Amino acid sequence: MLSSKLPIASSKINPYRLIILLRLVVLGFFFHYRILNPVSDAYGLWMTSVICEIWFAVSWILDQFPKWYPIERETYLDRLSMRYEKEGKPSELDAIDIFVSTVDPMKEPPLITANTILSILAVDYPVEKVACYVSDDGAAMLTFETLSETSEFSQKWVPFCKKFIIEPRAPEWYFSQKMDYLRNKVHPAFVRERRAMKREYEEFKVRINHLVSIVQKVLEEGWTTHDGTPWPGNNVRDHPRMIQVLLGQDGVCDVEGNELPCLVYVFREKRPGFEHHKKVGAMNSLVRVSAVLSNAPYLLNVDCDHYINNSKALREAMCFMMDPTSGKKMRPPTHVEIHTKPYGS
């Protein structure tokens, strides 16, 4: 077995169960009062509100069943490696295609998207088994230029992460965390290389912010590419498709000569009068592109602002998906750490 259930101590779960029971008692008193005190002047509205309240109460009660008996699981990454990564043989772990979707770089900051992609490229998983597809449904030149800069910076960032086994592997969050970064780091070159990498990242941020400032100056004739041709996405409602492989071809490696995961930029064709179905349509286009380029058996959809905070997350997922003794159903929890409001809401 590649995973197992762990017992949860009663001292941890019983206080929450007590809170559930107290809420049920309060809920009972509430409905006792509501039902025995009808509003005769607006009987229809009273009845409607009571029915809605009962429905919400039933929904809440059903939601408490899995919380009454929560399950904690433990994965065995060593067993996964022993079974599917035998020494001297190619890795037998299943490939994973990771989808990242974005639309408007003015509302979804490019730097956050870049950090998400960097955390994906630096995951602890065989590089030939990982492919990252970025859907730019706004066909924005800023997003494309950001990915180009990100692909270049990843050639330095990815080997740094894997050499010193750092967490998390999104540079913005790694360099901003308040902790002793020397803990458990015995490599003599770590401090020197960390300082150098932090300088590289600050320069990377300057380049991204410079791109943002340039794109904010909208040109009437539209944007042009480096070779002088018009940018295909100047008209966001009427443009052809574009697929650009940024990493994973032409022998592009990191600074230490190691292969990098595949990184593909995609925006789909749009024409007036045709429904594009927003994010669903963007996901469908990524599925078609990935089926041709990598065709991995597993797909992982990641929002552009949700970086991978555990580099072994894909391996832990495979402990469930590739476990021959259990089913292939898993729902990992989502943990959001966005303390600012970078969007146009």
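Every residue, even glycine, has its Cβ placed from backbone N, Cα and C.
Fair warning: this is a prediction, and the values are worked out from it, not measured in the lab.
Within 10 Å of the C-beta of K107 (UDP-alpha-D-glucose binding site) we count 12 further C-beta atoms, all protein chains included. The annotation UDP-alpha-D-glucose binding site is assigned in TrEMBL to S101, K107, E108, D137, K278.
Residues or ranges marked as Mn(2+) binding site by TrEMBL: K279, D303. Remark: K279 (Mn(2+) binding site) has S101, V103, D137 as non-local neighbours, by Cβ distance under 8 Å and separation of at least 6 in sequence. The DSSP secondary structure for K279 (Mn(2+) binding site) is helix.
Long-range contacts of the transmembrane segment (20-36) within the same chain: residues 50, 53-54, 57, 61, 64, 67-68, each at least 6 residues beyond the stretch ends and with a Cβ under 8 Å from a Cβ of the stretch. As annotated by TrEMBL, transmembrane segment applies to 20-36 (among others).
Per TrEMBL, transmembrane segment is recorded for 42-62 (among others). Tertiary neighbourhood of the transmembrane segment (42-62): same-chain residues 24, 27, 31, 34-35, selected by CB-CB distance under 8 Å and a gap of 6+ residues from either end.
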| task | Could you measure the widest C-alpha to C-alpha distance across S101, K107, E108, D137, K278, the residues recorded as binding UDP-alpha-D-glucose, and give it to a whole number of angstrom? | result | 16
| query | Near the UDP-alpha-D-glucose site, what residues other than S101, K107, E108, D137, K278 in the same chain have a C-beta no further than 8 Å from the centroid of the listed C-beta atoms? | reply | T102, V103, D104, G138, K279, A282, C304
| request: Take the Cβ of K278 (UDP-alpha-D-glucose binding site) and count every other Cβ within 10 Å, whichever protein chain it belongs to. | output: 11
| request: Using D303 (Mn(2+) binding site) as the reference point, find which of the binding-site residues K107, E108, K278 has the shortest Cα-to-Cα distance to it. | output: E108
| said: Through the lens of DSSP with three states only, how would you label S101 (UDP-alpha-D-glucose binding site)? | reply: strand
